[in-house]
């Protein structure tokens, strides 16, 4: 019985690749050092899969930065600004495209479908020249073969590559990217010919865009591309892999009738509806790669349930044509549970990281072939049962409170303009008040204090004293700069989600559960395993301490429920919205406690609201409805005089502007420095928005300091203090300049 893995994490079990990359970028190690770390990681992954009994082991899913960038390199589609002169693309050009260099900016980065992974977006136009410029796919196939592992080379398919690209600067926005198909297919043919010559028997093309809402001309592009490639592919087994959702009926028809294709891969975790299409007809003699093991979460598979699904599919496609697989690449989950020393035994039995998922895939394949490992299956069944019945998972009071939410809209009693009037009477702010988003730079010293307190090396008194000093410094700085609404700087916080999760019940934390976000940057999502509640106040102590240091309003700073949800590994035993409502109730308690403690401006960040947006139009309204409702739950109980802010990261929200208005915050602060007013235009053009808007005028992700004039013109967390202070000073000057202009205009 055959087994298959769609792709595997590249960073290594202890982020070995991250540290090797950063050392190379800092000039502390050589290209050879970096290549050695990478080769060792690849070899250990291939060996691990081979030892586990996996038949179809992927190669070329490793990357030094990103798989779409690797494809851009393969096609030689380097934007002119990098002055690439041809030949095999090396680290210099590759990392310049990914990260920019001293003279030119990086290529744009955007989210990979609805995951928290980001890819480098190809910039293409009618004059882009394509040539076979990176032999990585073939080199990695040969490298594995020399180690005695015959792999399946994985390449982003030509149609998805183009559909995920964007027109380069200066190219008409209406330019048809698909018109480049005939220009890139010759390079794909060269790659295929080389793989064939090297002895490859299978090749995997990832075409995940097939799960999106596509127009008929986009579907026709798949038919055209694969019939063009058909003769080159003859003699090879070709797998087309899809993931992240079910495949719509029209796309399924197109996909299953593609020429020269041997097998089709589907995600049955996020796209179970595809099973109905398969029952309605599957091309005879073709392979079905059944993605039953979740590549995007950390829960152990329910093996008995998966076996049922596989049994039903086997009846349709035949025993020798069913391959057990992961739902998508394991890139989106943590690497290895073996490195988790702090999780208790019960919780650990409920989990499976990438290394454990490989074992699950093989166990299912063997069971189908009649070699069921009874011991493995019964341990799995016991763990599933303990998770269902554990008192740690279910909290009656929380279930009741969440059920009681049904039937109310949870809106504040008065409308936003009346509230803003009441708030202004109380807060007495100038026209164009100034504030910051919240976190001030974290010094090395500060990180040390937090680390030592966590390790019980310093007393609580010493810790509080150190944090208090830092807050006092930040308050003084803002007063000197004459900022109107202050923040305490968040010196006590490690992360905007983890800080809250550590104080809520129902959350667990890993030591090495890192997942790649982009390049060398990894995130460590908390695990939500049970009903969520707030045992005691989380931020009130620090916020009221900070408020006592100044007569100006001090903002309370919270992370919103939707962001906490979207940046965590979420329990899969109840709908996501139920978990979100539970988190909302916990944050509501906190908001009301802050208000009681005389904190009158409270910011509830929803940086990741848009990240959870489903891929398909038909499912988006339902998501936006419960996400926005969750936000309103957090602050529906406060008085009119309490000002609720929310903050949104830069993301294209023209399409969700009505939902943002429906959040009914008093003030929304949005990133406006990078997209140069593009975002603000939404609020001007025909949308009635009565609340306050705070356009962000200083981009914290860039070391550049904008001038007073530049900021004034516009109005019309990772930086150093040396950059923050002058930028904030310019922001206040700009506001004052505009106040005088507005006053004289009156």
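Yeah, the Cβs are placed from backbone N, Cα and C, and that goes for glycine too.
TrEMBL: automatically predicted annotations, no manual curation.
The following features are taken from TrEMBL:
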{"type": "ACT_SITE", "residues": "701", "note": "active site, proton donor"}
{"type": "BINDING", "residues": "18, 116, 521, 522, 567", "note": "5-methyltetrahydropteroyltri-L-glutamate binding site"}
{"type": "BINDING", "residues": "437, 438, 439, 490, 605", "note": "L-methionine binding site"}
{"type": "BINDING", "residues": "647, 649, 671", "note": "Zn(2+) 1 binding site"}
{"type": "BINDING", "residues": "658, 662", "note": "Zn(2+) 2 binding site"}
{"type": "DOMAIN", "residues": "3-315", "note": "domain 'Cobalamin-independent methionine synthase MetE N-terminal'"}
{"type": "DOMAIN", "residues": "432-721", "note": "domain 'Cobalamin-independent methionine synthase MetE C-terminal/archaeal'"}
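Looking only at other Cβ atoms within 10 Å, the busiest spot among the binding-site residues 18, 521, 658 turns out to be 18. Within the same chain, residues at least six positions away from residue 567 (5-methyltetrahydropteroyltri-L-glutamate binding site) with a Cβ under 8 Å of its Cβ are 116, 497, 523, 525, 526, 608, 611. Here is what falls inside 10 Å of the CA of residue 605 (L-methionine binding site) among the binding-site residues 18, 521, 522, 647, 662: 647. Distance noted between the C-alpha atoms of residue 438 (L-methionine binding site) and residue 647 (Zn(2+) 1 binding site) is 10 Å. Confidence over the domain 'Cobalamin-independent methionine synthase MetE C-terminal/archaeal' (432-721), given as mean pLDDT on the 0 to 100 scale, stands at 85. The sparsest Cβ neighbourhood within 10 Å, among the listed binding-site residues (490, 605, 662), is found at 662. Take 437, 438, 439, 490, 605, the residues named in the record as contacts for L-methionine: the widest Cα to Cα gap among them comes to 14 Å. The Cβ of residue 522 (5-methyltetrahydropteroyltri-L-glutamate binding site) lies under 8 Å from the Cβ of 11, 15, 18, 514, 515, 516, each of which sits 6+ residues away along the same chain.
Once the Cα atoms of 18, 116, 521, 522, 567, the listed binders of 5-methyltetrahydropteroyltri-L-glutamate, are compared pairwise, the greatest separation found is 20 Å. The Cβ of residue 647 (Zn(2+) 1 binding site) lies under 8 Å from the Cβ of 437, 438, 603, 605, 606, 607, 668, 669, 670, each of which sits 6+ residues away along the same chain. Looking at residue 662 (Zn(2+) 2 binding site) and residue 490 (L-methionine binding site), their Cα atoms lie 28 Å from each other.
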